[in-house]
Each structure stands twice: as structure tokens, then as C-alpha cells.
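As C-alpha cells, the structure follows; a few thoughts come after it.
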Amino acid sequence: MAVSPSGPHVSSIAILSPTTTNGLGKSTITESFDKRKKSVLSPQPTQPADREITEQLNDNVKQKYIKEKKLGEGTYAVVFLGHLRTDPSSFVAIKKIKVNAEYKDGLSMDAIREVKYLQELSHPNIIALHDVFSSKDQNLNLVLEYLPRGDLEMLIRDTHIHYGAADVKSWMGMLARGVWFCHENFVLHRDIKPNNLLIAADGEVKLADFGLARSFADPYLNMTHQVITRWYRPPELLFGARQYSGAVDVWSMGMVFAELLLRVPFVAGNSDLDQISKICEAFGTPTEENWPGVTRLPNYIPADATHIALLQGREFFLRQFPTAGPVGADLLMSMCTLDPQKRNTAFGVLKHGWWSTEPKPTQKQDLPRKSGGTKKMGHDLTRRGGELEETPFKNATRQLDFNTARDY
Ligand code: AMP
């Protein structure tokens, strides 16, 4: 059992003061972020009495949990399994942020971002933040919803796992709902990729790792273009755009969709330059005609006149992704549009006709699981009418062998 989210108890740490919302329920996090960032990085002197109360509150939160074995390690955190002291069957994941040399108080920007945005966003497809406390070494600990079934990357890469169009539709639906909710609340995730999509015990996919997230409430604010893992990074960021929108996450979602279908990353560059040239090869060369303003982007590289590839149309997507069916291919194409202004939005993705075409999305409890967990029943696989190649990572033809005639 996982701990039920009762809203993060974060009053014990300066940055974690309750955030404000406007009358529409939209977050106004941008306004308060800079102020709070300052207060974290250069804490204001507190009165001894205040400090005592703060420490007491922090201890109360810390005492609620027992830390167990290490679950994994990322670049800026170590993640432990934990449980409620009062209920050993209520599991949590405790993410202990590593001390960052940049900030002597141990708080990195990634950690601040993660806490700040997870506090704001409560949705079934976004990992829940239950609590935050600091440990004696001044490390920040995030108490997160425990998601024991691994991530989408594990499922994609595991050649023993068979899945079909209905499963892809189910996973994509959960991803799209999570991203839509972020964008509704003016939050860009900026690192959507299969291994940031964690899976709950009941099969629900949850968007995790908000270390690169930020608010986009102000469209004129310059933002960094150095976000999003390269293979999932949209062309506008590769060209150095400083003002961008939810379209960056929609491109990443499109890349996840393509990868779920192919079981291999679709555009896998080995440098930023290689990434942009692979995008051009795959989808066509951006020009002023198909993407007005592209040539004015800071890192735009003029295309070699002899190598201008025409924009790919529906035929290409249908050919490359037959398992998505014509409507699915159309949805994918709308997510992989080069010009971010013409690219689909998360809301548009949710409204697309693909969700109501056959096959219906698999019920979350029937979705394939990572090896080592409870295996799916044999009839589930025959229902899909297809098997994967033994070595599915050779080329684009190693798509899932769905029964395409039936699985649209
Ligand atoms: P991260 O630093 O978020 O990439 O986490 C490192 C590793 O810890 C992940 O690859 C997972 O194996 C594991 N992990 C992270 N968060 C959770 C969670 N909420 N529940 C279970 N395992 C997790």
C-alpha cells in the first residue's frame, strides 16, 4: 500500500511555504519563485524561538517515516524505500538530495524546482509529494509516492515483454493527461522521456522528476534552451530558442510515442548537431516557408541547398508507424510538427480521434509489467496476435508485430 496523499507537509523549510493560487485556481508560482529562491540560497537570520519551532516541525515529519533499502540513484539524488512508522505496509520513496557544492546549504536548483512544482500539482498521472524534511546533515529529503513497477523505458527495452497498440494507447493516454495538467497549471516539465515515466502498483503511469520544470506563465520571459534529454529535445531548443511553450513537452511526448511503437528511440543523435540533422532527415528541413522565423533563431544553421528534405506528410508517418494505424499516425505527426506554433497542444492531443478508435486502451490493471513482477497471462499475449522479434533493436522495422489489421 502507498501512503495516501494528504498534501505535502513542508512548513519546516524556508522555501516550502504554502504557494498561492489566483481566483481561477491557477498557480502564481512565477511571482513568488524568485523571492523564495533568494530566501533559500541566503537564508534570513531567524530568532532562536522560531528556529526551535522549525526544528520541531521538521523532526515531527522526519519521525513519521522509516528509511529502508536503497532503490536507485540519479544524478542529484539517492532514492530509498521507506514506510510509515505507524504502518509498515504503507510504502513511500524517500529521495535524498545530494549535497551540491554550488550551494553550501545543500540545496540545488533541481531540488528546489522539484519541491516547488510537485507541491503545486496534484493529479493521478503526476507523482505525489507527501512530505519534505531535512536530515541532520542538512540534506533535503523528499517523501514521494512509491512507484514499484519501474518505468516505461524498462518496458520498452525488455525483450521478454510483449505489448501492443492497446497498451501503447493506454500509456500515452496517461502521459498526455499528466502533461495536460502541468500545462493547465503553467508548468513545463522539460524532461519528458520514458525513464521519467514511473509506474504505480496499479499500472498508472506517473510523470516524475520535476528537476528541470519551470513556470511559463510569462510568455516573454527568456528561458534556457539547455533542457530536455537530447533525443527528446525539440528543434526549437536545438536552434537555441529562449522563448518557448508547452510545445516543447508535446514534441517529447511525440518522441515517447514513436519509441513505444518502435521499441527504439526514433531520433537518436550523438551530439546536438547530429540530433538536429537527424530530425531534418526524419521530418524534413525547416525553412522560412514551413516554419516562419526559424532562420532568426540564435543557433539556426542554414541547410545545405543540395540537402533540403521536403517536410514529411501522412504517408511517411503511416509507413514508419503502421502499428499506430492511420489515426494514430496522424496524431503522432501532429506532435512532431517542426514549427512549434503549428505543433499540437497537450489539450489537442487529448481531444484527438485516436483515443476513440479501436483498439480501446488497455485497462491499467491489465497492462504488461516489468520482468520479475507478476507476469501477464498467456492469453493476453495471444489477444494481441503478435510476437516481438528476438532481437528487436536492429532498425526501424523492428516495430511491434501487432496484428495491424485489427489493432487500429
Ligand atoms: P531519480 O533520481 O529520480 O532518477 O531516481 C533514481 C532511481 O530511483 C530511479 O531510476 C528508480 O529506480 C528509483 N525511484 C525514483 N523514484 C522512485 C519512486 N517514487 N518509487 C520507486 N522507485 C523510485
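FYI, residue positions are counted from 1 along the chain as it appears here.
Even glycines carry a Cβ here, placed using N, Cα and C.
Averaged over the domain 'Protein kinase' (65-355), the predicted model has a pLDDT of 94. Per TrEMBL, the feature domain 'Protein kinase' maps to 65-355.
Look at TrEMBL and you will find LEU71, GLY72, GLU73, GLY74, THR75, TYR76, ALA77, VAL78, VAL79, LYS95, LYS96 tagged as ATP binding site. DSSP assigns VAL79 (ATP binding site) to a strand in the three-state reduction. The Cβ neighbour count for VAL79 (ATP binding site), using a 10 Å radius over every protein chain in view, is 17.
A C-beta separation below 8 Å, combined with a sequence spacing of at least six in one chain, links ASP191 (active site, proton acceptor) to ASP209, GLY211, LEU212, ALA213, VAL227, ILE228, THR229, TYR232, SER252. Taken residue by residue with DSSP, ASP191 (active site, proton acceptor) is part of neither helix nor strand, so it is coil. According to TrEMBL, the active site, proton acceptor annotation covers ASP191.
What TrEMBL records for 356-408 is region 'Disordered'.
If you look up TrEMBL, you'll see 377-387 marked as compositional bias 'Basic and acidic residues'.
With respect to ligand 1, the binding-site residues LEU71, THR75, ALA77 contribute LEU71, ALA77 as residues with a C-beta closer than 6 angstroms to one of its atoms, given in sequence order. In sequence order, LYS98 are the residues of the same chain, not among LEU71, GLY72, GLU73, GLY74, THR75, TYR76, ALA77, VAL78, VAL79, LYS95, LYS96, whose CB sits within 8 A of the CB centroid for the ATP site.
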